[in-house]
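Pasting a structure here, questions to come.
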Amino acid sequence: MDSTRSVRRTKEEKKLLRRQIKASHTLLKHEGISTASHPTKHLVVSNGGLGNGVSRESLLEVLKEGGTVESLLTPPAKPYAFVTYSSTEAGQNAYTLLNGRALQCHDQSVTLYFSYVEKVDSDLSVSCALPPGLSVLEDFVSPEEELQLLQAVDWTPRTADVTVQKALKHRRVKHYGYEFRYDNNNIDKDKPLPGGLPVECDALLQRCLADGHISVLPDQLTVNQYQSGQGIPPHVDTHSAFEDPILSLSLGAKTVMDFKHPDGRSVAVVLPERSLLVMKGKSRYLWTHGITPRKFDVVPVSEVEGSGVMTSDLSNLTLKRRGTRTSLTFRKIRHIPCNCAYPSVCDSQLLSSPPTVPVAEGDACRLEEQYVHQVYEEISSHFSSTRHSPWPHVRDFLLSLPPGSILADIGCGNGKYLGINPEVISVGCDRSANLVQICVERGYEAFVSDALSVPLRSGSCDACISIAVIHHFSTQERRQAAVRELVRLLKVGGRALIYVWAMEQEYNKQKSKYLKEGTAGASVERSNELKTEENMFNQQEEHGRKMSSDMKCTEEQNVTRPRIHIHTNRTAFLSQDLLVPWHLKCNVDKNKGAGSESTNGPLENTSQGPVFHRYYHVFQQGELEEMCCCGVTGVKVLRSYHDQGNWCVELEKTHGERAL
Ligand SMILES: O=C(O)CCC(=O)C(=O)O
Ligand SMILES: [Fe+2]
Ligand SMILES: [Zn+2]
């Protein structure tokens, strides 16, 4: 009997070990968290996160059995937590005692797996902090003032001549001072509403002024009323419409507001009733805010929680039914264009000075920095989630390389081509540090480099690929230099494959996948509210496109230069140099793709985050071959073809540098 029990136990131990190894692989692959093989005082607890429905309180209770807990970090919405014990011995003790422990929480049972980590990343504590520029001032108004303010909002249609009231799908709204229009997410600045702001707000606004939260009085008020189960989609209040900061007073009931950074970081902030939310700087301009329509929120049990408004920071969480919340959002209309530090998401800056096609090297570098490099850094995680399937012809090229070949992928993105042929030695580089980081986390050899000067020896590669990269260079000289750099890396006889986006999205009567996705009704599934509350940049983007076609040229130092148009996604290209909108989907699940992969750009129906614009030079038929034959010496074009809206060439290096 004893011996069978010990055999069974061994089996269980093996199973536990397998599951624990799997958990630490998942942490590395999907979260970039490397675990340590030796005991430390820091442990990561897989399945012990708020994202698994495990409350901090119940986790802490279990963790304390292992020893004295120095700190416990529970990142919002993640399926893991970090615990730091008082000593390595305590960490080791907890590991032995608790690994594989089943934890009962909210009618479900989860199994906790523990792994050691060298340290708890300081970024994680940062991601648990409030977004920069955000503050929540509790008890900003008294219960009596709260009642008075709620009574001051007259929801009957009586005041229709001095205010504007609307029932939206997910809440009702009322505007004072100026109407906020949900069709263009903007304000008619020359059409103030008679009556201004309700006098009942005077005292509280004077207090905001006196306390230094604002320096001028607001002249616009939006009252939002949310019933339980209602919300507001994530958005950034239009830069060109309102100044900084934005104030929002919560009345009647508490709610949880989600803030999201374009890089995917997300912070849930509890807004108690009678608190004032102040959004300034980054939290106003760059992070989106929104309220998920829900009937219940995860909120602190204790009502007296000081400034600890973070759901993730709280030691005591519980579910609470949402009541009816009325918020008063006070804003100051902006009369001169926004000049914030986030030009890639700023409608003012995009409209007031749309870029022109550069001629000088310096202008080209600045354009690419703003409309290529910065954008890829910001959208890297969402971009990566849309890039998973290799294009078949690129795959064939990679599989045709003899074993032991050395391959360089210049502009490797998330590394989707680096593992295709396991028989070759692949190395990738990209200008985006975030994308390179994703490659490294996936176990690929990759480094940050500009495609114009790759730190690899001339003639060191048997093959190079440049997939969807060269169209991001903004002058002919720079595009040519990028091809020359690829050829420099090749040994004589080596081959390069280049893909660039084609101006011709319809070829041989066949529409490219990019165009087809537009007609397949990418937006049909949007809810009505999402349609009317379309991301604020969409309308301006449309506006910007019209503006740029109206005013095709700009006078600058007596040189007339064409403006770069904003392209409308899923439509034919109207010019060769364009800005292509990227509708960022916030909070991308790195484990899953964001739907079907398109040749360029995500499907628009997935997004409610800010819109970024990437610069492209789309190639006309023959342009790529011409550039390779005439602008670059020592190569021949083996073949050229059109593939799903791209022009493609395969080159062979025929001479070494010295022979030229
Ligand atoms: O309900 C709130 O506090 C926020 C409302 C809001 O973000 C808006 O109207 O733009
Ligand atoms: Fe807002
Ligand atoms: Zn701005």
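Even glycines carry a Cβ here, placed using N, Cα and C.
Predicted automatically and left uncurated, TrEMBL annotations should be read as such.
Keep in mind it's a predicted model, so treat the numbers as computed, not measured.
So TrEMBL has the following annotated:
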DOMAIN    41-119  domain 'RRM'
DOMAIN    217-334  domain 'Fe2OG dioxygenase'
Please average pLDDT over the domain 'Fe2OG dioxygenase' (217-334) for the predicted structure.
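A mean pLDDT of 84 is what the predicted model shows over the domain 'Fe2OG dioxygenase' (217-334).
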According to DSSP, how is the domain 'RRM' (41-119) divided among helix, strand and coil residues?
23 helix, 29 strand, 27 coil
Helix, strand, coil residue numbers for the domain 'Fe2OG dioxygenase' (217-334) per DSSP?
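Helix, strand and coil residues of the domain 'Fe2OG dioxygenase' (217-334) number 5 helix, 57 strand, 56 coil.
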